[in-house]
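Asks: This structure is in structure tokens; I'll ask about it shortly.
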Amino acid sequence: MFVSEPKSRRVFDLKKKDAVHISLKYAPFFIAFWAVLYLSIVRSQVDRLPKPLYRVDEHINPESFIAERAEITLIGLTSIGPRVVGSVANEVTVLKFLLNEIEKIRTESSDYFKFEIDIQEATGNYVHWSMINMYQSIQNVIVKLSAKNSSSGNYVLINSHYDTVPSSPGAGDDGSMVAIMLEVMRVICKSKGPLEHPIVFLFNGAEENPLQASHAFITQHKWAKNCKALINLDAAGNGGREILFQSGPQHSWLMKYYRQVPHPFATCSAEEIFQAGLIPSDTDFRIFRDFGGVPGYDMAFISNGYVYHTEHDKINVLSKGSLQHTGDNVLTLAKCLANAQELNDIMQHSDGHVVFFDFLGNFIIFYTESVGIIINISICVIAIIAIGISLYTMAADSAISLKSIFSSFGASFAVQVVALAVGGGLAFLNALFMDAIGSAMSWYSQKWMFMGLYFCPLFFGMGMLPACYLEKSRKDRLFLGFRIQLLMHSHCLFLVAVTIFLTYFRIRSAYLFMMAVLFYTLALIIHLTAKCYRSVYRFGLIMMVCQILPFLYYTSLTHIIYDAMVPMAGRSGLSSNPEIFMCGIAIFVTILFAGFIIPLLLFFRKVRVLFSTFLIVTFLFIIIALTPLGFPYRAKTASQRYALIHAHRIIHDADKTTRVKESGIYVFPQDRNVKILNENTKSIGQKHLVSDYCAKEMLCGMPFYNHRWYKARDFSFWIPVEEDPYIPEEAPILVLLSSNQLVDPFQINYEFELNGPDHMTIFIDLTDQGRIIDWSFNETMIRENWQPPYFIYFSWGKTGRPLKFTILVEVCIGNNET
């Protein structure tokens, strides 16, 4: 009887404390605190660029990268205009420009260095994606810079490409990197070293074809076998900060030198996203890695991807600060690698993949994948132990059994998981709804739309269900702060499970979830050590303080992801639904940055009113998306992408008679909004789905530019027109030179000759029952029994010699034709 009296008095005291809520009027200040953090710190840091240096600054910065010099070089390069493989601009004019710039640098260089300049002209082929990629007489400009006293046979390779897609001046992609390479070369050459290993500057003449010139260098050039480390420079946008999105592989020591750059911007999550094929692009890094085994860095501009591969990719939208940012980093890396002892035996230093990420561009954190596994598991174990101690403390302080605590914890875990599912489900349903009503991509030029369309329904779902649960369980013997802690423990345990799952499958991006677990566990340990179990204010303050750093990191990552991925949605194709993809990003990052902040709102009175406000905001943004304000495109700055090709197609039967001869407009949509595209093209004529022709003709009988166009055949159109296109060059001419029956009576060897413009595609298939058993093309498709029709992409650069090829066909008995 004596023991039960204090217990009942304790329960009464706890219920009194359970009534301690914070007034709802303070909730806006709580939300504003996080908003101000994002706007004042994240936005300024993510978009921060260094102060550019001018030529007048050179006398006090003699060994520094000068952005103004790089800009002047870029102006000269882009004034040439589009530089397409096979054009005079790309094969003659640019070479003269580059050689002139290189000669200026050579004449100003110190006596410490030796210059070697080579113009490579190469022919070759390889399998890339789902096609044979053939090239003839493509060109590279290559400079080897070495110390006169150097005897090292290990070189550093720095690569960028000077060719462009048709119609684009290519200031961002990739003229900016060419100009940066030239300025880096100039700065190094004016110094006195040291330079233990030579640097090879590869000015790549055929990257957009795709990736042909890098293949030519790494498989054929005399210096290729000596290249032991790589800095690849490319662009998927125009300006901003260049991101290191691929490193290695298997060489963590590279990050030791990247740590020395003045403006770090890197994450292995970008590497995993890119290598998963979620980015509709590729870089020369793949070729150097796969065909040469050269480890290194892959770096690119990702901001302002709206102008990528368009006529708007001009120098007037590229800031000097961007040139300074990249130039400083590349100069540092070039010097570091050129004196790195690891180049003497890189295989000895192949120690596995690396986890790496920067914090707001201030510093870089990296460790090997194996160390990452240990860190992830250790943090998760500590988190579980801390939660266990917290549960025990709750039981002791509340004078209830551990069984009851674990029962409440189980219920809280279920509520938290369901809340995450509800929030994610609401956002997902909204994504489907926006697409279904024809308002896809309303955020394309206005990223602030994401807040209302996807983040607000997430906040509502993640908060409303726990709020209702706390209201229903208010008679529970547990103090309100303890019940909210149980919800936060549940979220931590959920993150622990995800971290262990990702770690098991060796996904390095598990570090993102581990960090959330780490900072929550830190807050929990401080909370337990301070013994302020039932103090609402102390508990909330500790959690807020410990969430500041992860909030800054996760929201900066959110900003970067959307900055890169939103413009890419404009060229991801009609088949993909960008609403779902962007919604998925919102769900992912919200779980990380808001998972421990939303529960803190539960301390406020009438919090369900607050969470209902998020739902109201969602409805308002849906209405905005339906108005002209929700129109996704803006002229020049965020225009809709689609390709219109005025083509003339002639299809012959086997007896050489002409079956089809017509002109038309080939329409290749590149985003989801085909309705807007239809409005813009309806005056041309009657559209027909390309797929309607596929059953009758090989590869639909259409002028597919590359394999990506063929893959999009179900979403592309053909509009027959009367007017024939203007074709400045002769059309391709394919001639059968001979057809010889071999000793085996059922095998025939065909010899062909192809003449034509600098870009052509060859489609090969068989009629009747026959099979190709050999040909003069790359043998991979035949050796691995790829299914026809076969796609061969062919281009030539400096000279267009006829392409001769042979095909050996085995004809089944009873068939005489192929």
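For all residues, glycine too, the Cβ spot is worked out from N, Cα and C.
Per TrEMBL, the feature transmembrane segment maps to 20-41, 373-393, 405-428, 448-470, 482-504, 510-529, 541-561, 581-602, 609-631. Feature annotation from TrEMBL assigns domain 'Peptidase M28' to 140-333. According to TrEMBL, the feature domain 'Endoplasmic reticulum metallopeptidase 1/1-A TM' maps to 427-623. Annotation comment: TrEMBL describes 637-812 as domain 'Endoplasmic reticulum metallopeptidase 1-like C-terminal'.
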Asks: Is it the case that the transmembrane segment (405-428) and the transmembrane segment (20-41) have 3 or more CB pairs under 8 Å, with pairs at least 6 apart in sequence?
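Replies: Not in contact, no.
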Asks: Cβ under 8 Å to the transmembrane segment (20-41), counting only same-chain residues 6 or more beyond its ends: which ones?
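Replies: Residues packing against the transmembrane segment (20-41) from afar: 360, 480, 536, 544, 548, 551-552, 555, 597, 600-601, 603-607, 609-610.
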Asks: Does the chain bring the transmembrane segment (482-504) near the transmembrane segment (373-393), so that three or more CB pairs sit under 8 Å (pairs 6 or more apart in sequence)?
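Replies: Stretch pair touches.
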Asks: Between the transmembrane segment (448-470) and the transmembrane segment (541-561), are there three or more C-beta pairs closer than 8 Å, counting only pairs 6 or more apart along the chain?
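Replies: Not in contact, no.
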Asks: Using Cβ atoms and a strict cutoff of less than 8 Å, what residues sit near the transmembrane segment (581-602) while being 6 or more residues removed from its termini?
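Replies: Result: 27, 30, 34, 420, 423-424, 427-428, 430-431, 443, 450, 454-455, 458-459, 462-463, 466-467, 470, 484, 487-488, 491-492, 495, 512-513, 516, 520, 540, 543-544, 547, 550-551, 554-555, 557-558, 561-562, 565-566, 569, 572, 610-611.
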Asks: Within the same chain, where does the transmembrane segment (373-393) have neighbours whose Cβ lies under 8 angstroms from its own Cβ atoms, ignoring anything closer than 6 residues to its ends? I mean 6 or more beyond.
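Replies: Distant contacts of the transmembrane segment (373-393): 367, 402, 405-406, 409, 485, 489, 492-493, 496, 499-500, 503, 506, 510-511, 514, 517-518, 520-521, 524-525, 527-528, 533.
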